[in-house]
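According to Swiss-Prot, the feature NADP(+) binding site maps to ARG47, an assignment based on sequence analysis. The annotation FMN binding site is assigned in Swiss-Prot to ARG124, SER125, SER126, ASN240, ALA241, GLY284, LYS299, PRO300, ILE301, ALA302, THR303, ARG325 on the grounds of sequence analysis.
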Amino acid sequence: MFNSFGNIFRLTSFGESHGKGVGGVIDGFPSGITIDEEFVQQELNRRRPGQSILTTPRKEADKVEFLSGIFEGKSTGCPIGFIVWNENQHSNDYNNLKEVYRPSHADYTYKVKYGIRDHRGGGRSSARETISRVVAGALAKLALRQLGISITAYTSQVGAIKLEGTYSDYDLDLIETNDVRCPDPEKAKEMADLIYKVKGEGDTIGGTLTCVIKGCPIGLGQPVFGKLHAALGNAMLSINAAKAFEYGEGFKGLKMKGSEQNDVFFNNNGRIETHTNHSGGIQGGISNGQDIYFRVVFKPIATLLMEQETVNIDGVDTTLKARGRHDACVLPRAVPIVEAMAAMTILDYYLLDKTTQL
């Protein structure tokens, strides 16, 4: 029931970390869209494990195989089915997790809720599930590209190291020039050094991703319970390890007066615009035509390669030192996931908007 995301553009995902594969079925994708499978694969490659010394060493090709809904390079309007086969599972690395619960992981809650859990890499709770989101998000990006809408995310903070400027202060073309996916080369090196240091200690660290959506038309959003920022927040907080979401000035707005926070309108050659964009491109839950920007906070990954106190499945106190291949920081690989969830949300709400008037 809750393995599906979206209203009109709708993804249903399936698969587990150490199962045979991860895939999905997409309903509501418009017909006639040229499907650039190379682009879809490039998006998956940005999420793929083993892409740098900062990420998990698990080696997966993550080659997407489309099963339906595409004919002669174009979408047919029928459900698009796809799968990515798992090829490099090391399930024995998780044998020591079968009888114990990892602190702050989904192990305990899954077991209590369902009475059973897949301890191999976390099963369905693994971030490997996000493969399906990246594929669907890549297709959504292809559709949005025809509408002049672009979505870009980047790492803006790792631990205490953060970018002080806004997205407009940086050359976003530099994001893919470093392993951290940060548009500031100097800060990127500091962030990478910190992640590498933490990884060497067997620990993990969190941080923040910033995302900006450009070219979004006025009018996307469905008040009162379908506000665009609420939909984006729901999308982002469904991502593994995501802990907080803010858009526009967010919490910074607490320190501002209304006269400072308000985005004053003006007439720009017949087009109504605002001098500022503290609202983050959304007013009253509806896009106003300005850039939409938001931030997503990710916690440190729960699986540590150092000893921690925990309990076993019988409730007896014990200790755990995880084995296996794990990321020390989720942020570099989460960039395409955040973009994908944003793309799916915007396309879905664009299609929803077409139902409001005859």
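For all residues, glycine too, the Cβ spot is worked out from N, Cα and C.
For the binding-site residues given as SER126, THR303, the lowest number of other CB atoms within 10 Å of the residue's CB is seen at SER126. Proximity of ARG47 (NADP(+) binding site) to non-local residues of its own chain (separation of 6 or more, Cβ distance below 8 Å) is seen for ASP62, THR130, ILE131, VAL134, ARG333, PRO336, ILE337, given in sequence order. Minimal Cβ crowding within 10 Å, among the binding-site residues ARG124, LYS299, is found at LYS299. Neighbour list (ILE301 (FMN binding site), Cβ cut-off 8 Å, at least 6 residues apart, same chain): THR204, GLY206, ALA241, HIS326, ASP327, ALA328, CYS329, VAL330.
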